[in-house]
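Undergrad: What TrEMBL shows for this protein is this:
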type	residues	note
TRANSMEM	38-60	transmembrane segment
TRANSMEM	80-97	transmembrane segment
TRANSMEM	104-122	transmembrane segment
TRANSMEM	128-149	transmembrane segment
TRANSMEM	161-184	transmembrane segment
TRANSMEM	190-210	transmembrane segment
TRANSMEM	268-286	transmembrane segment
TRANSMEM	306-330	transmembrane segment
TRANSMEM	351-372	transmembrane segment
TRANSMEM	378-401	transmembrane segment
TRANSMEM	413-433	transmembrane segment
TRANSMEM	464-481	transmembrane segment
């Protein structure tokens with residue numbers, strides 16, 4: 001039996017899943033074809049958070065246009081759009097399991113593009129808020145984890161997930177960085193118009209270059225392909241082919257409860273709850289740092305619009321650095337574990353990266369908090385950068401671990417992780433700025449990283465402190481010790 005197994009080109013690893021003797025199997029695609037799909041799916045992963053981040057660059061201009069405050073703009077548009085990013089993924093993944101990846105991605109991105117155009121032309125704040133929320137709900141399609149597992153064998157998935165994950169981690173900072181300079185000299189509507197153009201480019205790439213990656217491996221005999229050529233391409237894109245294939249795929253009762261079937265399992269729940277806190281505070285940092293930097297002392301730094309935009313280059317560089325480090329760290333840990341485990345891989349080894357990420361996370365957040373409290377620009381930049389290197393490392397490790405635990409539930413895993421990070425972060429902007437104004441940013445960021453700065457901080461937030469500091473030690477070591485038992 002071993003002699004019949006298909007191996008990687010270097011002959012060192014067994015390919016999993018085993019490619020079928022069928023040229024249509026995405027596992028048999030050429031490296032170039034796979035790379036094109038990875039680029040497109042990473043670009044589409046940028047869209048939802050990139051669109052949401054345009055509001056960060058435009059927050060003061062929006063407040064001026066609609067005659068309100070930056071706090072109202074944050075609460076009414078940014079926070080609720082982040083909240084709906086999480087729910088959108090859970091809804092769309094249900095359709096993907098029935099009708100395929102390509103048509104769901106196409107239609108959702110088409111609607112997201114239309115609603116973003118609506119936000120660009122919105123005549124009043126109510127319309128603008130509604131359009132932003134709808135853009136977030138339709139734009140967040142968690143296709144990336146599905147596509148990566150569809151087309152790449154197991155031993156390459158962590159590396160490819162690193163690229164895809166970096167796309168959506170870096171996306172909230174691209175728009176404040178790029179459009180901050182624009183909004184300083186032109187209307188905020190131009191920022192949303194350019195965001196719409198980017199969405200249109202992604203939609204064009206999906207329509208003309210992306211193919212269906214869902215391969216019904218469980219079917220012994222594949223249904224005959226009735227249409228061919230351009231007609232087949234068009235029918236696959238709009239969902240006609242997916243509708244015909246739906247009768248061979250999981251039924252609606254199974255699809256509707258699939259996410260719940262994953263969410264309750266302890267090897268998933270504890271790690272994802274931990275990731276929700278880690279990533280959630282990073283979302284809060286992204287939405288509130290613009291307030292700290294743009295507000296006048298003593299609340300903030302009083303930066304100009306140009307300085308605020310330039311500062312958002314910090315997390316962009318940090319995420320790229322985290323992607324570079326994570327690529328080699330994850331592969332090193334995987335290869336080392338396999339060698340020590342007699343050629344077999346256990347998913348829990350992915351979590352060793354978290355031990356590298358957490359000290360960096362604590363160091364970064366404490367430095368960031370001290371920088372904001374003392375209005376020290378160097379501490380702000382250094383702390384912000386270190387924190388997002390850590391967040392990138394931790395997020396890739398958690399995504400890879402959960403995907404390894406549930407190889408047949410990649411979509412549900414991605415949707416639930418997206419939901420956790422969105423719900424974990426959308427509310428931070430409500431309390432972070434007022435709390436920092438009252439008690440100091442060092443205490444705020446210290447508590448968020450579970451470090452007690454003073455006895456007063458402990459007295460004010462004892463329960464929250466115990467929750468956060470315990471989460472890493474409960475989730476990661478416990479899951480490493482008991483994960484295989486849970487599975």
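Cβ coordinates are placed from backbone N, Cα and C, and glycine is handled just like the others.
Owing to the predicted nature of the structure, the values given are computational and were not obtained by experimental measurement.
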Undergrad: Does the structure show the transmembrane segment (190-210) and the transmembrane segment (268-286) touching, where I'm treating 3 or more Cβ pairs under 8 angstroms (sequence separation 6 or more) as a contact?
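TA: Answer no: the transmembrane segment (190-210) and the transmembrane segment (268-286) share fewer than 3 Cβ pairs below 8 Å.
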Undergrad: Hey, which bits of the same chain come close to the transmembrane segment (128-149), Cβ under 8 Å, at least six residues off its ends?
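TA: Long-range Cβ neighbours of the transmembrane segment (128-149): 37-38, 41-42, 44-45, 47-48, 51-52, 55, 62, 66, 76-77, 80-82, 84-89, 91-93, 96, 101, 104-105, 108-109, 111-112, 115-116, 118-119, 122, 157, 160-161, 164, 167-168, 199, 213-214, 399, 403, 407, 410-411, 413-415, 418, 422.
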Undergrad: Is the transmembrane segment (38-60) packed against any residues at least 6 beyond its ends, judged by a Cβ distance under 8 Å, and which are they?
TA: 70, 73-74, 77-78, 81-82, 85, 88, 105, 109, 112, 116, 132, 135-136, 139-141, 143-144, 147-148, 151, 160, 163-164, 166-168, 170-176, 178-180, 182-183, 188, 191-192, 195, 198-199, 201-202, 205-206, 209-210, 286-287, 290-291, 294, 305, 309
